Amino acid sequence: MPRTLEGQITMEKTPSYFVTREAPARISAMSKDTKLIVVVRDPVTRAISDYTQTLSKRPDIPTFESLTFRNRTTGLIDTSWSAVQIGIYAKHLEHWLRHFPIGQMLFVSGERLIRDPAGELGRVQDFLGLKRVITDKHFYFNKTKGFPCLKKAEGSSKPHCLGKTKGRTHPEIDRDVVRKLREFYRPFNLKFYQMTGRDFGW
C-alpha cells in the first residue's frame, strides 16, 4: 500500500480478501486500524452469479444443479464448490474477528447498493468519516444493465456503468435446487446477521 498522509484515505479492493484465510492476519500486521468494507449479497444469487461468470468463460462446465450437490438424492450440498463456499459469510467473518473488532468493519448490502446506491454509499461515507458528497443526483438507473450508473465519471463528461461482465442474465435454475440452497444457507445467514447486527433479509 502507498504511504498515506494525514487527511488522506487509501483504498484498495480485492473480492477474494474476505474469503482468503491468510488475509486478516496479513492486513492486521500491516495496519491494525484498517477499516474494512465488505459488500455482501444473497448467497444463493451470489452462487448463481459466480456460476454465470464461469459459464461465460467455459461454456462446457457441468450444470449449476449438478455442481451444487455432493448427492442430489439426499440433498447434500457440496460445500467444497467455491460458488457455494464463498456465501457462507459467517464462517469467513469468524477469521476476521480474530484480528479486527466488528466496529472496524462495514457490511454493505449488494441488493441495497443497486436499489439505493446513494443511501448505501452514505453509510460508507459515514463509516469512513467523510462528508456526505455522493447523493442521488450522481446516479441514474440503466435499464439495460439493471444497475445504477454514475451520471458523470470523475474527470469525464460521460456516464460510467459497470463493465460488460456485470449484469449478465442468469441461467434458469431448477426451483427445487434454489429452495434447497436457501435452506442450506439459512442458519449461516442468521448467524451472520447476529455477528454483524444487521438483517440482510435473505
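Backbone N, Cα and C atoms are what each Cβ position is placed from, and that goes for glycine too.
TrEMBL entries are annotated by machine, without manual review.
What TrEMBL records for Arg41, Ser49, Lys166, Gly167, Arg168, Thr169, His170 is 3'-phosphoadenylyl sulfate binding site. The feature disulfide bond is assigned by TrEMBL to Cys149-Cys161. Taken from TrEMBL, the feature domain 'Sulfotransferase' covers 27-186.
Here the CA atom of Cys149 (disulfide bond) lies 12 Å from the CA atom of Lys166 (3'-phosphoadenylyl sulfate binding site). Calculated from their C-alpha atoms, the gap between His170 (3'-phosphoadenylyl sulfate binding site) and Cys161 (disulfide bond) amounts to 19 Å.
Put simply, Arg168 is the one of the binding-site residues Arg41, Ser49, Arg168, Thr169 whose Cα lies nearest to the Cα of Cys149 (disulfide bond).
Of the listed binding-site residues, namely Ser49, Thr169, the sparsest Cβ surroundings within 10 Å are found at Thr169. Within the same chain, residues at least 6 positions away in sequence whose Cβ sits under 8 Å from that of Cys161 (disulfide bond) are Asn142, Lys145, Phe147, Cys149, Leu150. The number of other Cβ atoms within 10 Å of the Cβ belonging to Arg168 (3'-phosphoadenylyl sulfate binding site), over all protein chains shown, comes to 14.
Its Cβ placed at the centre, Cys149 (disulfide bond) has 18 other Cβ atoms within 10 Å.
Looking at the domain 'Sulfotransferase' (27-186) alone, the prediction's average pLDDT is 91.
Neighbour count (other Cβ atoms within 10 Å of the Cβ, all protein chains): 12 for Lys166 (3'-phosphoadenylyl sulfate binding site). Of all Cβ atoms in the protein chains displayed, 19 besides its own lie within 10 Å of the Cβ of Arg41 (3'-phosphoadenylyl sulfate binding site).
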